[in-house]
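K.L.:
Below you will find the structure I want to go over with you.
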């Protein structure tokens with residue numbers, strides 16, 4: 001058989017990736033055929049190339065390696081150890097399920113490692129050994145269930161850790177041990193049921209903590225104790241969080257606090273009192289209905305308050321009392337009908353005011369906004385009037401400096417309807433005083449006691465929602481003059497009403513209430529002054545008769561004994577002195593009483 005007719009050797013087709021892996025690499029070597037390379041910086045871009053293994057022949061001076069969006073399933077020990085100058089490695093959106101200990105050995109210059117969008121399940125010790133210079137680690141969108149003790153112990157330079165969108169249910173107390181420089185930690189969209197306080201306490205340099213979209217219903221007292229350097233805390237989308245424990249933020253020295261899209265029904269004043277360095281407070285999208293007066297005053301350095309998208313219906317006068325540095329308020333998209341100037345300690349210092357999306361009534365209470373409208377930053381949507389009807393829908397910036405008659409005016413409060421001026425009630429009975437008024441804006445109704453104290457909405461003597469004064473179980477001390485005061489921002493009016501209490505005399509000489517009885521048990525019986533005199537007379541006469549009779553019998557017995565002797569003589573024998581042989585009888589006479 002000649003060479004021309006001899007059968008050719010059939011070589012099996014080699015996979016192209018195998019050739020890539022066999023290509024030699026050296027300093028400044030050629031770029032792998034399946035990748036794109038740049039020189040400034042020294043980057044090898046192999047993303048979204050359907051790769052199932054790391055290509056060979058990577059230049060040794062590579063500073064950025066992008067392997068994202070491929071089909072890599074694992075990293076073996078030492079696979080990238082020759083890339084000692086590598087600073088950024090992107091392995092995101094592959095199929096990595098395991099990382100062998102030492103997989104990143106030799107990457108002592110690596111600063112950024114992106115592993116999001118893989119299938120990693122457990123982070124154990126030794127996985128990140130050799131990454132002594134790493135500053136950013138992104139583990140989002142994996143299937144991580146738990147962090148074991150020492151999982152990040154080799155990352156002494158790590159500053160930012162992202163671990164959101166995992167199945168995380170447990171963080172061991174020592175999981176973050178060794179992260180001495182970690183400054184930013186984000187835990188979001190996990191299955192944690194409690195805040196891992198013991199693990200967080202191992203982060204002495206933590207500055208920013210973000211806890212987002214967690215099904216945690218309580219932040220217990222001391223949960224974040226030990227984070228003395230923490231400045232920014234964000235709690236976002238905890239639908240089960242209805243309140244903060246008073247000691248939940250103890251030990252923190254925050255400058256920014258955001259608790260948004262939770263279920264807080266009121267501002268957590270008790271938990272905030274000690275945060276004297278707080279500058280930014282964001283409570284947006286919580287069902288908070290009011291900001292009361294003077295409750296924020298302990299936050300002396302507060303500059304910004306955001307409470308947009310809540311349920312605010314009122315901001316009280318002096319609500320921001322004591323906040324001398326306050327300059328930004330965002331209360332957009334609420335149910336506020338007004339915002340009075342007296343809420344602010346210095347309205348002229350206000351720089352930014354977000355007030356759009358509120359049903360504002362444009363009356364005299366908003367004149368101060370007209371005065372400052374050219375200097376205030378209202379954002380993209382300036383506030384607009386929802387009433388009265390002749391200005392409805394008109395933006396505050398559309399009004400001229402000279403207002404037409406009837407614009408932005410108020411009507412003083414006047415009492416229009418009241419009950420009788422003199423009310424008589426029996427002791428133990430029920431008394432009601434009615435009082436209401438007219439005005440624009442609608443006035444509030446208050447009542448004052450006879451001794452000058454204002455009455456509240458609870459107790460035996462209380463003011464009802466419609467302004468009616470109710471006194472239950474009337475007592476003698478309730479008598480006197482009660483003053484009804486109706487007031488609004490334009491003025492006030494008052495009316496005095498008297499209450500006279502009739503003391504109820506108990507029947508049959510008793511002071512007890514005959515209507516209050518217990519079946520089968522006789523009630524207490526009390527005597528009046530006449531009854532007491534009769535009892536004393538009945539008891540004293542028999543006693544006096546008995547004493548007189550006794551003395552009479554004694555006198556008769558004494559008379560029957562004859563003449564009364566007043567002296568008596570007694571004979572006695574005295575001791576005889578020695579030598580005295582002539583001793584006669586001795587006698588002594590005693591006087592009888």
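The backbone N, Cα and C atoms fix where each Cβ goes, and this holds for glycine too.
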K.L.:
Which range is it, out of 534-554, 555-575, that shows up in Swiss-Prot as transmembrane segment?
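P.N.:
Based on what Swiss-Prot states, transmembrane segment spans 534-554.
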K.L.:
May I ask which residues of the same chain, at least 6 positions away in sequence, place their Cβ under 8 angstroms from the Cβ of residue 435 (disulfide bond)?
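P.N.:
Spatial neighbours, sequence-distant, of residue 435 (disulfide bond): 415, 417, 418, 419, 445, 447, 467, 468, 469, 484, 486, 495, 497.
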K.L.:
Below 8 angstroms Cβ to Cβ, which residues of this chain, lying six or more residues outside the repeat 'LRR 5' (157-178), approach it?
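P.N.:
Residues 116, 123, 132-151, 184-193, 196, 198-200, 202-203, 212 contact the repeat 'LRR 5' (157-178) from elsewhere in the chain.
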K.L.:
Would you mind splitting the repeat 'LRR 10' (301-322) into helix, strand and coil residue counts from DSSP?
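P.N.:
Per-class counts: 0 helix, 5 strand, 17 coil.
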K.L.:
With the repeat 'LRR 6' (181-202) as the reference, which stretch in 85-106, 109-130, 210-231, 301-322, 325-346 has the largest tally of C-beta pairs below 8 Å?
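P.N.:
Highest pair count goes to 210-231.
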K.L.:
Around the Cβ of residue 484 (disulfide bond), how many other Cβ atoms lie within 10 Å? Please give the count over every shown protein chain.
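P.N.:
Residue 484 (disulfide bond) is surrounded by 25 other Cβ atoms within 10 Å.
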K.L.:
Would you kindly list the residues that approach the repeat 'LRR 9' (277-298) from elsewhere in its chain, counting only those six or more residues past its ends and only Cβ-Cβ distances under 8 Å?
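P.N.:
Residues packing against the repeat 'LRR 9' (277-298) from afar: 253-267, 269, 304-323, 325, 330.
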